[in-house]
Amino acid sequence: MATASEIAAVGVIGAGQMGSGIAQLAAAAGCAVLLLDADSAALSRAVASISASLRRLAAKGQLSQASCEDSIKRIRCVSTVQDLRDADLVIEAIVENEDVKKKLFVELDKITKPSAILASNTSSISITRLASATKRPSQVIGMHFFNPPPIMKLIEIIRGADTSDEVCAAVKSFSERLGKSVICSQDYPGFIVNRILMPMINEAFWALYTGVATKEDIDTGMKLGTNHPMGPLQLADFIGLDVCLSVLRVLHNGLGDNKYSPCPLLVQYVDAGRLGKKRGLGVYPYAQKSSSVKPKSSL
């Protein structure tokens, strides 16, 4: 199994905002990065976004021009799981769906070298259950990055029932190599951050749903009254209302407590395709995208 210093090649699966941000971090830390997505257009957008982000850092003097260009060159776009066979660490950042993730982990277990560590960027799904789909459960771990990964300082590491001490130590050291602070959670529904955050977001929806106050006053109350950088309803829009709903359902099902039951207003917004900033409309409208929405969406 690779130690933190031996993690030289990192596979990242999913070229969306999370995957591209993780790829940027790994490349800037000196790793060869294999960025995998079946959608070639998504890969093109990811490379353009990563390049622009790194060049902005260079323009601000936070990264040398040489390091910037070297980091960009370290990223190679690939289209099949087989291309990850030599990766030391694979981090998946795909749809937040347990069945889809399990299917991917089965493939990765067959293709990657025996020493490879397999990590999930899941924000709520059981690492133990994902690991059970493989023949290397001791080498499966959760690495929960926060959006956007290059800016947010935290990585939440989640240890499955069989994750080894060595893998935990290697992933913690690697996370610190990326310049992140690390917190460690046992494999309980929602882990640490979402276990606390999602009930607050859900309660904000209940306050809106029952007419306690306007969305603006709810958010202003939490910003100015508790010194949060943004209110819970706006934050939900930035996370994605579909993601919030998914996490709440995991909490509700996993912990069996009705206090985690999603507010009907949140369910209604997701059913209507009002998924938040990424769709141009959630609790609030976002002018940079069309306000037209689609009724269906993946997480």
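Placed from the backbone N, Cα and C atoms, the Cβ positions cover glycine too.
Since the structure is predicted, the reported quantities are computational estimates derived from the model, not experimental observations.
Listed in TrEMBL for this protein:
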BINDING   Gly14, Ala15, Gly16, Gln17, Met18, Gly19, Asp37, Glu96, Lys101, Ser123, Asn147, Lys278  NAD(+) binding site
BINDING   Ser53, Lys60, Ser123  CoA binding site
DOMAIN    10-187  domain '3-hydroxyacyl-CoA dehydrogenase NAD binding'
DOMAIN    190-286  domain '3-hydroxyacyl-CoA dehydrogenase C-terminal'
SITE      His144  site 'Important for catalytic activity'
Candidates Ser53, Asn147: member of the binding-site residues with the richest Cβ shell (10 Å): Ser53
Rounded inter-Cα distance in Å - Ser53 (CoA binding site), Gly14 (NAD(+) binding site): 18
Top Cα neighbour of His144 (site 'Important for catalytic activity') in the set of binding-site residues Met18, Lys60, Ser123: Ser123
Spatial neighbours of Lys101 (NAD(+) binding site) that are distant in sequence (at least 6 apart) but have CB under 8 A: Glu92, Ile94, Val95, Ser120, Thr122, Ile125, Leu130
Overall pLDDT for the domain '3-hydroxyacyl-CoA dehydrogenase NAD binding' (10-187), taken as the rounded mean: 96
Secondary structure content of the domain '3-hydroxyacyl-CoA dehydrogenase C-terminal' (190-286), with strand meaning DSSP E or B: 66 helix, 3 strand, 28 coil
Met18 (NAD(+) binding site) CB neighbourhood, other CB atoms within 10 A: 22
Binding-site residues compared (Gly14, Gly16) - highest count of Cβ atoms within 10 Å: Gly14
Which of Asp37, Lys60, Ser123, His144, all recorded positions, has a Cβ with the fewest other Cβ atoms inside 10 Å: Lys60
Distance in Å spanning the most remote Cα pair of Ser53, Lys60, Ser123, given for CoA: 32
Pairwise Cα distance for Met18 (NAD(+) binding site)/Lys60 (CoA binding site) [Å, integer]: 23
